[in-house]
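These come from Swiss-Prot:
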TOPO_DOM  18-540  topological domain 'Extracellular'
DOMAIN    322-432  domain 'Fibronectin type-III 1'
TRANSMEM  541-563  transmembrane segment
TOPO_DOM  564-984  topological domain 'Cytoplasmic'
MOD_RES   600  phosphotyrosine
DOMAIN    619-882  domain 'Protein kinase'
DOMAIN    911-975  domain 'SAM'
MOD_RES   928  phosphotyrosine
């Protein structure tokens, strides 16, 4: 292999076309043995060329006889795999005008022919002149002719002509020369073909490659990277043209990491002490500081002991070390607050990304044991990742020893097996007043007194001596307040006026003094009427007991009535469902009306009427793209006669089906075949006369709408989403006008093509869903399966499916689209969904959903089905929004719909998360995990400090994802501020 490669290097500069000779008469040492017809025509003789070399030639000179037709046939020539053949002919021709008394039939040209065959079929005895279908190559004319024969004077003029022919497909061929009245000598014939030579180019080896069948043909030659080189981008290839010359290469190889180019044709190993990290690098580089490469061909230099390289450091950067500890710590104690200041470390490890962590430890009086501080301790600006040499610490306990470790860390501290270098400072806090009392409760009230209680301050900072209560009438101000004291955390305030509202505050006292007053809270004394009613409180108790008994009896009666009505509704629902199948409806003039295929006595007749039968030979199945209820779904191609080939989706009926399953399967085609609308999936036809039975529809490249939106979360504008909704509404308007009720309208049943056009699909299958109890989407109801989250309440309760119930489902689809495929009602159970809807709760607006769109959703979710908009009205409303984008700028909020109770999805308890990974998983943004960790946001404490600029800096550019993450960070901050046990 190495020897072959060296040979290629020697040939690399010789890139001219190669010619491989198949026959050359100049090298013949004996008779050529060609066949002449007639025998008096061509004659083989020995002669001399212009250099007086002996050669075998053929000559003919019957110019004085008319009607000459002299043929000369070569022996069989093997083509050796060549597709195009070149013939070089050297000949002399006598000038007809130099011949005395020559008739007018004298010629100065001859014809060249060839005949392609797989074997030797012509001999001197059988030349098949009359049978052979010779193919003419060209008429050969002399550029120069001679008039005298004088070899001594060198007056003979030799012509050289080259002709090519092809394509050739047989094993070989014959050449034939036809003379029809010339005086000429055929001095030599060379037959050859061309090929592009082996070459090394762009660090790739290309083999010898034969030219194509035509002079304009380009033959692709695949290249192989030379040793220690690898392809870049597209596979490397060269084109060999018809002249045996290489064209401009496509793709390239480059030396792989650890190897550098040598004279553009070889890759040599980087010597020890050098490296090359990537293919793109030009050559080897010396190892950066504090690193080495003891062996050849190193793609990276390893760091010396005690030095490291951060994950985000490129190989070209010097290895660095961890910093030394901070210096010269100064502490300032103010009661239960501390300010720490320090100088940067003497040694930064060669890096400029030094930050500081503060480790707080609360100790016993003798400092023999310490424990981590609780989460109530506050650090400003933060505890971890400090960039400045100063921190303010508050909310400490009074009279308490603390130890603070100030760690210096940099980008490689996590690589070191040793803990970060730090400096410790021991501090004891001073005495301090107690913290604020968090809240007060009213225990009881009379006309002239109020009894209150409250919890102890979270930080008493010593023994509580007593409490001071300040109170005043709300109509006055605190300058007219009165004071009371209590030795315990309860107090009764007397001497108040009846029916008045009082503002009350409380504070605790220790030996260090009073703490701050609590927040203002209002309490009211009883009025005279309130007091009298309390005296009569026994009477309501008796009345309440009696009322409870009455309610119990009424409840029993009501349950009996409801059960009777449900049975009645059940019967009505069954009959109304059947009646709908036979309803003709009243459509617009000239509008087709949907015909239920199950009204046919023979359902196969409906298939024949509404679906076109396709010959299975026109269908080509390529790959599985899903599985349906009845069998697998494939992507394939359909080529009908006289039409272009198109991609299609192919639903198949699985083997072993019953006749009922076949009928149910084909009913969808009978339904779909009646529709013709740009927002309804188009039926191409069915295959019923072979197995498997197929339904063939147009192919939608982006698949189901719900999964498509989840894959592209936040990547579409509001106008684009409204455009999708408008298309779905237009398709449903068409179905409603045909009196067709879909029953299973959901984003999963909307398909999206490559132009983002949405089309309604999945017709008729909702009636025949299998009893798969593992699928929570569909729930049993009155003997059938219903997609509860998408279904109108009257359809759930009474199976009353109408276009109005489809409008309800369309409202849910709107919510799915605006939330980018979120599951309606989240993780609520189906029964909880039914209960919430019965109590008039509705879904809240998705994040950043325009108020106008959410209002349209609420209109679709009207309990009274007659109050819901029709699909024609929905289309008009969406058209107005598209024409007036400003109407979509107002974002909906839950508080903006006071008349309509909305469900509120609970925010996750972020304080329960311990890692950034857990948090990202909870908000479904786990794809950014590496971005957070690489940028140094390794704890939730650091994450809570992030801004929109930080998100951009770590590579989160999608506006929707930024908003989702920032909203979560905001919620996390709120929870941390409200939780006494939030993360540090």
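We count from 1, first residue shown onward.
Using N, Cα and C of the backbone, Cβ positions are placed for all residues, glycine too.
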Would you mind splitting the domain 'Fibronectin type-III 1' (322-432) into helix, strand and coil residue counts from DSSP?
3 helix, 52 strand, 56 coil
Local confidence of the domain 'Fibronectin type-III 1' (322-432) - pLDDT mean
91
Assigned conformation of residue 928 (phosphotyrosine) - DSSP reduced to three states:
helix
So, by DSSP, how many helix, strand and coil residues make up the domain 'SAM' (911-975)?
45 helix, 0 strand, 20 coil
